[in-house]
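One structure is given here, and the rest of the page talks about it.
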């Protein structure tokens with residue numbers, strides 16, 4: 001198994017704070033998620049997260065018009081310049097002051113930022129200019145405001161800058177010295193000026209204040225000077241009209257699309273409105289919830305409007321002309337507790353303390369559905385073997401079974417007495433479900449078919465912390481508890497006796513090897529202990545306490561080395577070959593171990609966000625005061641804004657949970673669950689920052705197989721040119737270069753595929769299937785790939801069946817592709833049949849009226865099809881509206897072929 005894992009994507013979090021922006025084409029939406037930036041491709045239905053991190057949460061981001069440079073600034077004023085096309089970091093810079101807004105000029109030559117009371121203009125780095133030592137060169141600093149600046153906007157010709165401030169004014173600055181005469185202050189508002197915009201012709205200026213007032217300014221002469229000579233007139237910007245939104249709530253954000261004169265305003269109650277200027281005609285008025293709309297953006301065409309809400313982490317893309325949603329996403333409100341991969345690796349299910357369960361698509365990164373039936377925290381989720389059914393346990397005393405084809409809850413399992421369930425396990429056949437309790441220290445066993453309680457396994461003397469079933473050939477149940485024991489149960493035998501395996505400390509997590517011959521448990525002292533299940537003896541032990549990065553909390557009075565907090569693994573998982581293990585816990589590290597050698601292969605850092613407790617190993621003593629750490633001192637009561645003063649913490653001291661009052665909390669860095677993907681090329685971890693995906697980057701790995709001195713890329717291409725396809729394919733596999741294998745693979749003629757597959761050595765069969773599976777989702781040669789797959793299964797089917805564990809991950813990739821093709825074919829057939837039925841019904845209606853036959857017209861198949869569709873729609877009515885809806889399209893019914901791949905069509 002390869003160990004070169006690296007961060008690839010961040011799911012579960014779509015928006016945290018700051019502003020969201022579009023690229024120039026209007027197809028990519030950039031959203032800050034904590035100290036990272038996520039990019040949503042609204043056309044290709046994909047999302048990805050840039051792999052660089054800030055030291056703290058991002059405050060604002062900006063992308064130049066050419067789409068090549070991305071500049072992001074955190075709450076401390078530290079900026080990172082990124083090559084957006086190559087996704088590489090170019091430069092780090094510290095502005096040494098909090099930046100409230102950041103904008104590139106339309107020409108792309110400069111960028112302006114609001115730093116305190118000043119507007120700073122910097123030159124954009126450009127390779128076309130003379131080489132300079134400093135990447136950032138400051139052009140000019142503009143002063144004039146008496147309070148913090150709230151926003152900045154450029155004119156269309158990049159000559160003027162509009163700034164708004166908390167001092168109730170807006171000012172005009174010029175980029176070049178020859179235009180300095182236009183410098184002017186626009187005063188008249190009674191509250192903070194939130195935004196100011198130029199119109200398309202730069203003849204009008206619109207300013208919006210927090211209290212809901214919109215002023216329209218025009219560059220004109222004073223009243224009574226109309227008949228004076230041009231050189232005697234006093235020209236200046238003057239208010240020519242005032243408009244008011246008449247809302248009981250304050251304005252939180254606004255944006256203006258100059259080509260179409262469209263104004264979008266978001267309010268603190270979740271409402272947003274669209275206005276046509278300069279007539280101030282309200283076009284639409286909608287709401288995205290009860291929480292404030294913190295940011296709004298519109299693309300260059302003026303069709304798609306994006307909104308972000310910080311309270312619940314909502315991200316919404318709305319097409320106002322068709323009144324439809326393009327994107328509607330929301331992350332978990334509370335911390336994630338657990339995760340589970342679907343058997344084919346195409347989906348990930350996460351559960352949280354908020355009682356919600358979300359299904360995420362691995363390829364697109366979007367949420368497909370949300371279940372809200374649980375009334376308390378969900379502790380664990382588990383898939384059945386085929387992936388069509390999922391089980392979840394909760395502290396509300398229920399275990400629920402979910403149908404992932406119709407997205408509904410079809411079974412509820414409860415015990416005879418009210419108890420809280422902490423863990424869950426499903427046997428390989430999917431007939432039995434077991435749950436461990438926190439209260440009575442027992443294990444409940446139910447039948448999935450009848451939902452009846454079959455048995456209660458007693459023996460543990462403490463809360464059951466984890467359950468795990470073995471493989472289908474040996475359905476043993478392993479349980480771990482806080483009573484310092486591990487028990488192996490054979491629940492299908494006549495007697496329910498179990499021999500305990502004693503450990504020295506409380507068991508926190510448990511994992512059984514896929515072949516059911518070994519079980520591993522992590523304990524509170526940082527040890528991972530392994531037992532042979534059949535012989536009942538300990539085979540190895542890993543001391544992971546020294547491998548963990550234990551950081552300090554801001555209130556700690558001792559060094560990290562003397563702290564026992566977090567120096568253990570609360571979640572562990574085997575790889576699918578049983579040779580590796582990934583472990584994590586309430587700390588800032590994820591450890592990957594090689595089990596045969598008992599060595600640490602690699603350690604991953606979960607986050608570098610200094611706003612989380614536990615990420616720093618050393619604290620700065622200057623931040624410690626007599627009243628405690630500076631980060632924990634609440635100074636919101638001294639703010640001038642009444643709305644911000646209301647956020648002051650008036651809660652009772654000592655209360656940590658269940659307090660409905662507003663409180664300033666500092667989250668801790670931790671990992672609650674880890675699991676390997678069934679495709680064996682990635683693993684996921686549920687953390688404070690979201691759902692982190694780490695995958696193998698095959699493009700950076702050179703892993704030759706059976707390499708010889710005569711095997712070179714030049715020799716392989718020469719053999720391919722001579723028509724020796726089988727030899728060329730074997731040489732490409734021996735070099736293990738993806739581009740070379742791909743070239744040889746597609747150069748083989750269709751008529752020669754059976755000959756190549758028949759003569760291919762068995763050692764290369766698994767590599768061929770793995771390669772085909774890796775390119776299927778991106779390849780356009782569907783028939784060509786299907787011929788390869790059918791030929792391989794026909795020729796080497798017995799060998800694949802005999803070594804099914806070796807081919808498990810690669811066959812899952814093939815299965816995902818086949819399900820997707822079948823779903824597309826079925827959908828195309830249904831559409832063709834519906835279209836034919838429509839055409840035939842139109843042609844036969846006149847004849848039916850003339851002849852007077854009652855049974856003429858539409859064939860019976862049409863009514864059957866329509867009734868089937870209506871029943872399917874009734875079954876799908878409770879599915880979540882989360883997910884990507886497509887540009888200009890409404891949400892469609894997704895046809896489920898066999899449930900193993902539920903991607904949106």
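Note: Cβ is positioned from N, Cα and C throughout, glycine not excepted.
Here the structure is a predicted model, which means the values were calculated and not measured.
TrEMBL lists 142-183 (among others) with the feature repeat 'WD'. Each residue of the repeat 'WD' (142-183) gets a DSSP state, and the totals for helix, strand and coil are 6 helix, 19 strand, 17 coil.
Looking only at the repeat 'WD' (186-218), the predicted model's pLDDT averages out at 93. Annotated repeat 'WD' per TrEMBL: 186-218 (among others), in sequence order.
According to TrEMBL, the feature repeat 'WD' maps to 329-370 (among others). Nonlocal intrachain contacts for the repeat 'WD' (329-370), taken as residues 6+ away from its ends with a CB within less than 8 angstroms of a stretch CB, comprise 9, 11-15, 40, 45-48, 312-316, 376-383, 385-387, 390, 392, 394, 396, 402, 404, 407, 667, 670, 672-673, 675-679, 682, 684-688, 690-691, 693, 777, 812-813, 815-816, 819, 879-880, 882-884, 900-904.
Marked as repeat 'WD' by TrEMBL: 371-404 (among others).
Summarising the annotation, TrEMBL assigns repeat 'WD' to 457-499 (among others). Within the chain carrying the repeat 'WD' (457-499), a Cβ under 8 angstroms from the stretch's Cβ atoms is held by residues 385, 422-429, 432, 434-439, 441-445, 505-512, 514-517, 519, 521, 523, 531, 533, 536, all 6 or more beyond its ends.
As annotated by TrEMBL, repeat 'WD' applies to 509-541 (among others).
Residues or ranges marked as region 'Disordered' in TrEMBL: 646-666 (among others).
Under the heading domain 'Small-subunit processome Utp12', TrEMBL lists 736-828.
Annotation comment: TrEMBL describes 846-864 (among others) as compositional bias 'Basic and acidic residues'.
The region 'Disordered' annotation in TrEMBL covers 846-905 (among others).
Here TrEMBL flags 865-883 as compositional bias 'Acidic residues'.
Annotation comment: TrEMBL describes 889-899 (among others) as compositional bias 'Basic and acidic residues'.
Only residues 6 or more beyond the boundaries of the repeat 'WD' (142-183), in the same chain, are considered here, and those with a CB under 8 A from a CB of the stretch are 100-107, 109-110, 112-121, 189-198, 200, 202, 205, 207, 209, 237, 258, 640. Note on the repeat 'WD' (371-404): residues 334, 337-344, 349-359, 410-415, 418-426, 428-430, 433, 435, 438, 444, 446, 448, 472, 880, 898-900, 902 of its chain, located 6 or more positions outside it, place their CB under 8 angstroms from a CB of the stretch. Counted with DSSP, the domain 'Small-subunit processome Utp12' (736-828) comes out as 76 helix, 0 strand, 17 coil. According to DSSP, the repeat 'WD' (371-404) comprises 0 helix, 18 strand, 16 coil.
The residues of the repeat 'WD' (186-218), classed with DSSP into helix (H, G, I), strand (E, B) and coil, number 0 helix, 20 strand, 13 coil.
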